[in-house]
């Protein structure tokens, strides 16, 4: 209720201030009994105010500071600094990918389908493979498959660790199912021939 009360007070203040409108002396010819006209006052004729003067008065900046601020804003708007920021952001994201990958591989409570949804690939649907996050997901799945291959995990263990057993008949539609098929191929390829 308090925000509404504050907004109501602000609205009342604005309405009260609108009665103090400046009027040109040449346009107000007579005094009327109208309540609003009594509050009108004549505008003082002065030197033409520039918009910079208003900024200086409102913000307390001098002309040089305002000029520097405008120049920086123009550079930002033209995109010179944004390309530098984008490059820095891409570099930071690349360094963070390795950290996320190590964190996901270390944790036993993180599953591939969770990683798939955390990377926002679930929402993309069929176009997920063209996303840059899909490359990170592929790195994660390759590292996970390599780990299972090194430990010679059974296909049942991999099936359960991918939580495909909980999906039942819907397991082939899961994003983790192709990973299970890849593991089966490598598992049977590495089996000795009888």
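Keep in mind that glycine also has a Cβ here, set from the backbone N, Cα and C atoms.
Predicted, not measured: the structure shown is a model, and the values here were computed from it.
The signal peptide annotation in Swiss-Prot covers 1-23 and is backed by sequence analysis. What Swiss-Prot records for 38-57 is motif 'RxLR-dEER', and it gives a curator's inference as the kind of evidence. Sequence annotations record features per position, and here Swiss-Prot assigns region 'Host plasma membrane-binding' to 58-108.
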DSSP-derived helix, strand and coil totals, residue by residue, for the region 'Host plasma membrane-binding' (58-108): 45 helix, 0 strand, 6 coil
Segment confidence, the motif 'RxLR-dEER' (38-57), expressed as mean pLDDT: 54
